[in-house]
Each structure stands twice: as structure tokens, then as C-alpha cells.
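Trainee: This is the structure I want to talk about, given as C-alpha cells.
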Amino acid sequence: MSGRPKAENKEKNQNIQVAVRCRPVNSIEKKQGSCSILQCDRVKKEVCVKERHGVNPYTKTYSFDHVFPPDSEQIDVYKAVVKPVVEEVLTGYNCTIFAYGQTGTGKTFTMEGERCSDSTATWENDPLSGIIPRALHQIFEDLQKQPDIEFSVRVSFLELYNEELFDLLGSSIDPLRLRIYEDNTKKGSVIISGLEEVVVRSKGEVFEILQRGTSKRQTAATLMNAVSSRSHSVFSVTIHIKENTVDGEELLKTGKLYLVDLAGSENIGRSGAVDKRAREAGNINQSLLTLGRVITALVEHAPHIPYRESKLTRLLQDSLGGRTKTSIIATISPASVNLEETLSTLDYAFRAKNITNRPEVNQKLTKKALLKEFSEEIERLRRDLQACREKNGIYIAEDNYVAMQNKIVQQEGDIQEMEDKIMILTEEMKTLTEMFTDTKEELAVTSDKLTATTDSLVSTTETLQRTNEELSVTKKDRDEQHFLVEEHVKTEGYLFSEAEELLATTTTTVTHVGGLHDKIDRKSAVEEHNLSAAQTFGNTMNQQVSSMQEFLKKLQAETSQLKDRANSQIDQIAQHHKKEISAVKESVDKFLAIVEKETCEISKHQKTADKINTGWATSLEDKFKALQEKATTAYSGAIQDCNEQVAKAQKDFQEQKVQMTDLISSLKIQKEHTFEALSQYQHGLLSKMGELFNQSCQQIQELKEHNAEMKTILDAYMKEEAEMEQKQAALQRERKEKFESLMGKACTHFNVSDGKADECASTFKSNNTGLQQLVNTELDDIKEQIASNAANTMKHLESTVKAFNTADNFCGTLTDKMENHMTHSNESWKEAVGLVSKSIELRNTQQTSLCKTQEELLQKFNEKASLCATNSKEQINESSEEFGKIVEGMAFDNTSLHNILYEGTQRQAEDFETTVEIIQDFVTKELRKDMPTGQTPQRCDYSYPRNLTKTEPHETLLQRFWANRKTPDSEIIHAQQEEELITTSQSLGGSIE
């Protein structure tokens, strides 16, 4: 046969996978009083068998690939053992799974299971389905998930009953006997002639096929299993999968799965099998025994493996040590009555773990190779048919005949070898039978003699044993009761002394508790009175605080009104000064226009005198330049002094701002101390209120002093204004008298004066605006602080008064600087007049004709200048009167503010005094104290027994009693003799049985 070569990369050698499944204890075993002797550990994969119970138990532990305890389900066994095997079959391997174990341990249930009532249930959620239907369901699901392949699934179901093979899926009613042949093409494989393979097209046909085969299988009821399988069954599944290579060539992949359900080994005596069932059991045990010998030979690597001694081992030859992947599921019973069978099954499974297979993937045949193989088979059959038709004495082809002759010769050798073995075994059996017959006769004689002696000895021994046991129990009970009574008497004496001590302690404790209750009653009365007084005090304080808050709100409103009035007055002052400066500027502009006009007329006459007075004019111009520089220096000094005063005022305002910030911080701290003092109800509140009262008195005194200082400053300012008016009038007169000598430089002087006046006016305006902003800021801060605390309001008002004083000081300083400036100007004018007078006297003769004309012009100019001066004086008087009225209004507002603050502080002081009196009355009169009576018991430690004496448990006392008591030698010797006698009688009874 030609085809693709075998796969070069063969799988490594693999041991057979062995799993153990333990069923639960059934009802029959429970009725027999059997207990569980197995412990199955699924995690460690170990089975522990308790072979002997008692004080010294003996256990034996086996380790397997999978262990399933009694609570495991069908799906657990399938997923762990079968599911990986099915996946290997689909890849092209031959795999075998067979169940082995004692009868009635669940082999058939594991392999076939039961049909679930739900027909739609899959192999994954069907709780009762066995390995066979689950495996076919998985095969179809996995193959149907691959739509690009073609596949076919064929199944066969055969039975090995009494060493005969039967087809369970055959079309005939009675199962047909099958013949088994060696497969010459595959070493270790067999061919079953006439075995019918059924094509399965869907997983829904699986249960029908399985049910049809199961119905023909040999089963019978025994004492150990109501439906006991009397035969071995092999369910085989052959899968052909057609694949396409890259070149488009078709390949055929084959995988086979053998699911074997072995019949259970059984003890004929326990199963109740007789006649036919006994012969069935013998054949089953013989085949299983041969299987065990094959496993032993494989494990020990024996040169000869006895596969041919049983048809079961011939069928499983490839699965045991061949090219198939094999798994064994050993089923066991946990009942103690099945201990020997369970140990035998576990030893069998444990040995099978060491069997090594060499799994190989089946050849993938191409379409051409498969057709060639079939053609050769057809040709071989044709030759056989031709030989049969020619009837030349041999009805098969010569090659086949030669093969058959060789096989016959081989079989004859095997038969002769088997006959020799049978002869040897027959002789050995004959010898053993003779020995057994002689031994049996001797045993019968000895048994008759021993029976009579044993019967009398047993009856005497039993009577003596019962008497001794009763006597020992009676003595033991007597001694134990006597000892227990003595112990209870001792405990009673201890308890009586402890009770007397407890009674004395209880009497003292009751007296002390009464005194404590009296103390608690007095405390409760004092606390109730203090609680009521505290509530009354709280209500009174709330009313007092509400009254103070209303008064503070009223004070806040009045101070707010005064602030608004002060702001309006400051605005009036600013507007007045602005109008005044504008009027002065307008007068000066008119005066300059007149001067300019007159100067033009005079310049016409001056031109004729310029030629004569050139030298004089030059010298006079030099003097005037020097004088002008001196005047400029004086004015620069005055401006610098004014700037220094402004900077000083700004510094004072900044210091005032820092003081206000510190004042706010101190007020916040004072507010926190005040609330903390009020919460303490007594000493803290009294001391804090006294401190606030003293601060209020001090602030009132400071306000009085500042008001007096402000009044003094305002009076001084009025006097300075009057003096300034007088000086301005004198200056006007001097200007009128000396104007003739200063006519040449008048324009320059007035221009300089006009610039200085504008600068002073802008400086005064900016200072006044800054002052107004500062006052507004301070008044806003005062308004916010008045709402939170009366003392804070007074300090803010004090800061406001200081700000007004600073502004007044600034105005006075500015007035002084202006006065100094006017003084320097007068001195400059006087000096200039002196120089001009001297020059005029020297040149008087030369200017006679011109003076007349100039006198007329000057007269006109003087009239206009007088008119301008008169207007300026009137404006200054009006301005002084308006400023005086504004100052009087501010003085009146300051007086009103002083009166309001004085009345507020006076009212607040009265409220504080009232609050202090209320608190003192509450502390000294309302609050009560718990006066000690001297009757409250002192803290002490009570001496009494913490634990009562208790008699020890009877078991402990009796253990100590028997430990301390020594057994006499005679009793020990007598007990030993009795034990020896009982042991002897029991051994004799066991041997007889």
C-alpha cells in the first residue's frame, strides 16, 4: 500500500492517564452498617484508604492523575478526562478510554449515563449524560464549527460475552457472532470480521444508537447490582475529515476513539451468582485477570506480553503499550465491606499508571493513495475469487495460501506450547488435589476432637469473664463514689467560709451605696437650681445685648449722617477754592492784558529814550537779572518747602493708616476675648467688661482733648487768614506806590506769579482730593466697625479727628509757606524799588519830557490796576466769609459728633454697669454650691473572694483518683491470666470457623 510517509516527528512516550472516581455509599451498604473508608482529595489528587481502625489505624495513600470524590458530577469527569482526548482524536490520533472496577461501582453510568428529559440540553448542561453521548456531541459541535471541511462519523458497538464477540448494532434481531483476525498491515492491530459501522449524521441520533445497542447487551440482577453488566463492551467512533492542501490536493485525516465499558470483577459468594451467572462471573474475572497480567508485564518490561490469552487483551493490544493515547477511569466503592475489592482496583490502577504508550498521528492519505489501496484490495479478492472458480484444490491465491500456511505453522507451535503448559498445570493440580484431600481428612478428625473442648471452654470463659467484669465495675463504682463524696465535703467547707466573707462585704457595700445615693440627690438638686438660674440669666443677657445692639445701630445711623455732611462740606471747600482760583486767574489775565496794552503805548515813547539810556538800561538790566535770579531762587525754595510739606503730610497719612490697621487688629483680638469672656459666665466676663469700660472712658477723654485741640487750631487758622488779608492789602498799597519804578519788569513778574499760583492751586487741589479720599475711606471703615463693636467705632472716630487735624496742620503749613513767599516777594520788590529810584534820580533830568506823557498813561494804568485790586479784595473777602461759614459748620458738626459719642459712651457705660451687676448677682446670689456634709463614704477597696471554690469535674477527680491508686500485684496477675485465657479462647474459635 502506497501513501504519504509516516510523520517523522513522533510524539514522545506518554504514560497512561489514570483517573479514580468514588461513588457515594448506597442504601444497601448503609443497612449493612458499612462506613466510609476512603478520603478523596481532588486538589492533591490523592486517595487515602483506612485499612484498619482503632487506636493504631493503618492507612494507605495512592496518587493519580485525577481524583473525583463522591460529590463529583458527570460533567466534571468529562471535562477533566474526556474533553482533551476528543480534541486529540480530531487532530488524527487513536485514543482509548475504558472504565474498570468492582461490580456496582458505576462504570456503565460513567460511560453511558442516563437520558435527560430535556431534549434540547447540550452535552455541557445535561447532568446525567455519560461519556459516550457527550463525546459524540462535542465531536459534532467542533466539526460543525468548521464550515470549510467535509467529514463523516461512523460508530460501532460490540460486546465480549463469555469470550465471544457480538455486534450490538447489527441488523439481525439476535446479535451475530464476530471473528477476530490479526491485521498484517499494522502490527498490534486486529480486524473484526462482519462488524457493522453505522454512519451518524447528527448528534440527535446518538442516544437512539446507544439505546439500540444497550438493549441487546447482556445484563442481569445480582445481590450487588440490580442491572449488572455481564459482558465487556467496546464503542468505537471513526472520524474521517477531508482537508485541502495549499496545492489543492485532497487529504483524508482519520481519528478513532474507543470507549470501553468493562464488566465488573465480583466475588461469587457475595454477588449470589450461581450456574450460568457463576460461569459468566468466571469468564469476566478470567479476562480481567489476563488484563492485569498484561499490565504487570508491560510495567515490568517483560519480554513476552500475554495479549493472546484473552480476546479482551487482543482488542486492547494497541491501547496498552501501542500507538494509542489511553486513559483509564477506575471506579471504586467507599464502603468498608468492599475493602478488598477497592484495594485491588486501586493497586491495578496504580500499576497501570506506569504503562508507556508511543502515540502516533494516523497517516493522512491522499485521494490517489486511497484509490490505489482499494484497487489492490479488489485485485487480491479477485484473485481469490478466480482460484475458487477454477477449483484447482486451493480456493485462494497462492500468496494468500503461503501466508496461511505460515500462520498455521505458527499457530501449531503456539498450540503445542499451550498443550505442554496445560499438561504441566494438570499434573500440578492433581498433586495439589491429593494433598488437599489428605489435609481435609486430618482436619475433620481434629475438628471433631476440638469441638467439644472448645464448647466447654467458651462457656466457662464467658461465665468467668462476665463475673469478673461485674465485680470490677462494682468495686470501681464504690471507690469512685466514696472519693467524690469526700471531695464534695471539702468544697462545701470552703464555700461556707467564702459565703460568710461575702455577706460581711455586702453589708458594708449596702451602707456605702446609701450614702452615695444621698450625695447624688443633693448634687441633682443643686444642678437643677443652677440650670434654672442659668436659663433666667441667659434670657436677661439676651435682652441686655439686644438693647445695646439697637443703641449701636442708632449711633451708627447718626454718625453716618455726620459723615455725609462732612463729605458735602469738604466738597464745598474744594469747589470754593476752585472758583476762587479761577476768579483770581481771570483777574490776573485782565490785568495782564491792560499792562500789555499800556506797555505798547509806553514803548513808543521809550524808543526815543533808548538811545540816551542804552548804558543805563544795560546796567539796570544786569541788576534786574541778578534780582530776578534771587527771586527765582526764593520761589524755588518756597516750592521745595511746599513739596516737603506735602510729602510730610503723605507720610503722616501713611502712619495714620498703619495705626488704623493696628487698631483693627487689636479690635479683632478684643472681640474674640469678649466672646470668650461671655461664654465663661463669671470671672472672665466681669474682668473683660471692666476693661472695656475703662477703655471707653479713656477714649471719651481723648476725644475731648482732640476736640479742644481742633477748636484751637481753627481759631489760629482764622487769625492767620485775617493777617493774610492785611498783608495782602499792604502789599497792594506798596504795589500801587512803587509800580512806576517796576513797570519795565511787571509783565515778567506777573507771569512768574501766575505760574506759581497755578502750581499752588493744583497742589492744593490734589492734596484736598487726597484728603477727601482718605476721609471717605476712613469714614467707610468707621461705618463698618460701628456695626460690630462700640469701642471700635469710637477709635475710628478718633482716627477721623486725627485725620482732620492733620489736614488742618497741612493747611496751616501751606499758609505759612505762602506767607513766607509773600514776604520774600516784598523784600525783592523793595530792593528792586530802591535800585530803580537811584537810577531814576540820576537820570531825572533826561526823563522830564517823557515823564509827563508816562504819568498820564500810568494814571490810567493805576486806575485800572486799582479796579482789579478792588475786585480781587472783594473776591478774597467773599471767599473768606464762605470759608468761615464752612468752618463754623464743620465745628458745629464736630460738636454734634462729640455730643453723640459722649452720650453713646455714657449709655454704653451704663449698660455695662447694669450687665456687671446682673452677672455679679447671678454669680453671688443665684448660683448654689454643693456644701459637703461629711457623710459621703470615702473610696476604698473591698476585700472579698473573687472566685468561688468549685468542685472539679468528676472525670478529672476520677482520673486523679485512679492515677494515685496502686493496683496490688495479685490483681494484676489475675487480670493477666484472664486476658490470656480470653485471647486463647478467641483464637481457637476463629480457627474452627
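Here, residue 1 is simply the first one shown, and the rest follow in order.
Cβ atoms here come from the backbone N, Cα and C positions, even for glycine.
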Trainee: Can you identify, from 700-737, 738-775, 776-813, the stretch that TrEMBL calls coiled coil?
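Mentor: TrEMBL lists coiled coil for residues 700-737.
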Trainee: According to DSSP, does Thr103 (ATP binding site) sit in a helix, a strand, or coil?
Mentor: coil
Trainee: When the pLDDT values for the coiled coil (364-435) are averaged, what is the result?
Mentor: 78
Trainee: I'd like the number of other C-beta atoms within 10 A of the C-beta of Thr105 (ATP binding site), please.
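Mentor: Its Cβ shell of radius 10 Å holds 27 other Cβ atoms.
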Trainee: State which of the following binding-site residues has the fewest other Cβ atoms within 10 Å around its Cβ: Gly101, Gly104, Gly106.
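Mentor: If we count Cβ atoms within 10 Å for the binding-site residues Gly101, Gly104, Gly106, the smallest count is at Gly106.
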Trainee: Measure from the Cβ of Gln102 (ATP binding site) and count the other Cβ atoms within 10 Å, all protein chains considered.
Mentor: 23
Trainee: Fewest other Cβ atoms within 10 Å: which of the binding-site residues Thr103, Thr108 wins that one? Let me know.
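Mentor: Ranked by other Cβ atoms within 10 Å, the binding-site residues Thr103, Thr108 bottom out at Thr108.
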Trainee: If you draw a 10 Å sphere around the Cβ of Lys107 (ATP binding site), how many other Cβ atoms fall inside it, taking every protein chain shown into account?
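Mentor: For Lys107 (ATP binding site), the 10 Å Cβ neighbour count is 24.
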